[in-house]
Amino acid sequence: MDALNALIMLANFVLIPATAYGSQLALGALGITLIYGILRFSHFAHGDVMAIGTAVVILTTWGLQGAGVSFGVLPTALLALPVGIAFTILYLLAMDRVVYRFYRRVRAKPMVFVMASLGVMFVTNGLTRLLIGPGEQRFADGARFVISARDFRTWTGLSEGLALRSTQLLTVVVALIAMGILFYFLNRTRSGKSMRAYSDNEDLALLSGINPERVVMITWVIAGTLMCLAGTLYGLDKIFRPFTFFQLLLPMFAAAIVGGLGNPLGAIVGGYVIAFSELGVTYAWRRFAGYFLPPDWMPEGLMQILPVDYKFAVTFAILVLVLIFRPTGIFRGKVI
Amino acid sequence: MNPTLRAFLLFGLVGLALLFTGFNQSWTLALTILNMSLISAVLALGVNLQWGYAGLFNVGIMGFTAIGGLAVVLISADPVPEAWSAGGLGALMGLALGAATVMAAIAVWNRMQPSLARVLALIATLVVGYVITRSVFAPAREAIMAVNPATEGYLGGASLPVLLSWPVGALFAAGLAWVIGKISLGLRSDYLAIATLGISEIVIAGMKFEGWLSRGVNNVAGLPRAVPRPVELQGSGFVQSLSERSGIDIVEMASIVEKLGYAALFSVVLIMLIVLSELALNSPWGRMMRAIRDNEIAARAMGKDVKARHLMIFVLGSAICGLAGAMMVTLDGQLTPGTYEPLRFTFLMWVMVIVGGSGNNWGAVLGGMVIWFLWVQAEPLGRAVMELLTSGMAEDNALRIHLVTQAAHTRLILMGSALLFMLRFAPRGLIPEK
């Protein structure tokens, strides 16, 4: 019984939240890795474009709520998602047209692209704040829990409760669907194959008659969809704040690098690795240990390896380990 | 146009803009801008050293600035004897044990043959070291933070002259940069960017959380001044006579004299750094650095140790960032870990270097001054523009109120556009590299 209680507690505080957070990171990291694979630069505006896409979703949600539209038990934000995705894609395509295309033409060094993406980051950050302000916004509605901790306890008779928030379930389901479609697209369709070919060997792809501008456009469309999805899911599950989204840049990049830059499967694995380590290391294991250790063996403190304030340190430590021992990432990304 | 003449003209324009601010707004504001733009110029020099000379992309400027600022507290603040007796020894021992753990782990890794046993030994060393360190450190930390938490609750500093903290701040940043550079240089250039982004977030998290060291979000206020306070200056005969002769109020005059004092100090540092950077740039060493930047493979073929040179310049540039961070905290007279944010402390510096002209020290300095001026003045400007744009709407129009209250954020858009515009149409900056 103790073991079962401990397991439930672990699921409640670590496994479920980490799976949801990992899915959000994975969606973000997929975008980063795709942009890296095709356009060959680190897209620093990723977090901020996520933020502006989510801001549009939030504004649309408020509009829908104001008009009395709701989506039953599901959050209204899901209805607003298409608007946000369309906006994010158009925004990215506009930025590509105004900013990045020129540098592709002149075959600029990757660092120039990165620099340009810093400019885009600044502009996007300003636009987001102008649009919705720098503060926190909540926009989740619909049913709050799929299983609430109290219901779970009465059903099972266990002393530990297991809560599954609807946003967590939604995150995982949406992320899995999105990943499924993405992999089908990359492996089975003509456009997806041309994207992979272009990522593998640009010159060879050009010789085979693949239109690079079209590949780039598809990349932005996919990345924009993933970014808006990731941002909205994160905002629903946790909170929306422009600065928090900017800070997601580090775990998302870490996920992409840990998995192997340019490798979509790696980005997903990387996302979960980062999320599980972050939550595992900052979780207070004291009560968990209480189920196994005899009382007089119990240590004094919370048994928390690192305080939550240092969650970036966890991401960073994993990143450093990967950089030292396996710079190509777990799944052998493109190049080092 | 002759590049020298062009540089003079551009610097003249910055001077005019400051004078204009002085006459139209206030001299205190103009001097405040001047002081921060001098610090920004120092920072831009540091970033330019890394980017312009070596093509290293550092996205962790905020972290190096912050750790330099921490040096001011550790050097110049008054020590807290109760805190030292409560847990000073424990904290120091904890730090030493932590360092010993890391060294032991490195020794294990280097001494043993590659095998599963090596991995297990490494993990065992780290776990045992962590548990021991924590058992010594955690109680000491709590004890220190419990000492008079409303005003102290930290170890304090060494009560040494505040100017000494500037080189120490540079040393702190250099040490941090050495560790980061050792790990991530020699890999893809993007990896350095991500690693520095990470370390800067951790430095800030550490300064916010480690109250025993920096009082965290409670801030350390009342740090010793490098220049006498305005209140003290009001009593001096010199300031009083200046005030009488110029007809400026004594309170304002004292504040102006204080700010001029800081401006003089900062100018001395800036000029020294420019001279050193220029000498370095035109020396054989500078030529080698540019050769490495322009063609790493060729430089390596000529027998240059690219990674070691990159590490060296990364440490030097970060040290300058640390120095600027210490200057900034000295100017403010307080350390406020909560106010460090990456847009302002990292990415704005990049706008400065790109707009000013990467690879050219004068360009970086100019960029620092121009962009800082714009950054400060864009806020009222943005509000004025928004008010003008929305003047057709009703006074209580929700959109109008929203746009006017959020107008401050237009400066981010302005900065981003400036960066994008320069990158596209004048990638070599306002004062291009020769």
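For all residues, glycine too, the Cβ spot is worked out from N, Cα and C.
Because TrEMBL annotations are produced automatically, they should be read as predictions rather than curated entries.
For reference, TrEMBL has these:
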type	residues	note
TRANSMEM	A:6-39	transmembrane segment
TRANSMEM	A:51-73	transmembrane segment
TRANSMEM	A:79-100	transmembrane segment
TRANSMEM	A:112-132	transmembrane segment
TRANSMEM	A:168-186	transmembrane segment
TRANSMEM	A:215-233	transmembrane segment
TRANSMEM	A:239-258	transmembrane segment
TRANSMEM	A:265-285	transmembrane segment
TRANSMEM	A:305-325	transmembrane segment
Cβ-based contact of the transmembrane segment (A:239-258) with the transmembrane segment (A:305-325), 3 or more pairs under 8 Å: yes
Cβ pairs under 8 Å between the transmembrane segment (A:215-233) and the transmembrane segment (A:112-132), at least three: no
Top Cβ-contact partner of the transmembrane segment (A:6-39) among A:79-100, A:112-132, A:168-186 (pairs under 8 Å): A:168-186
Contact between the transmembrane segment (A:112-132) and the transmembrane segment (A:168-186) (at least 3 Cβ pairs under 8 Å, separation 6+): no
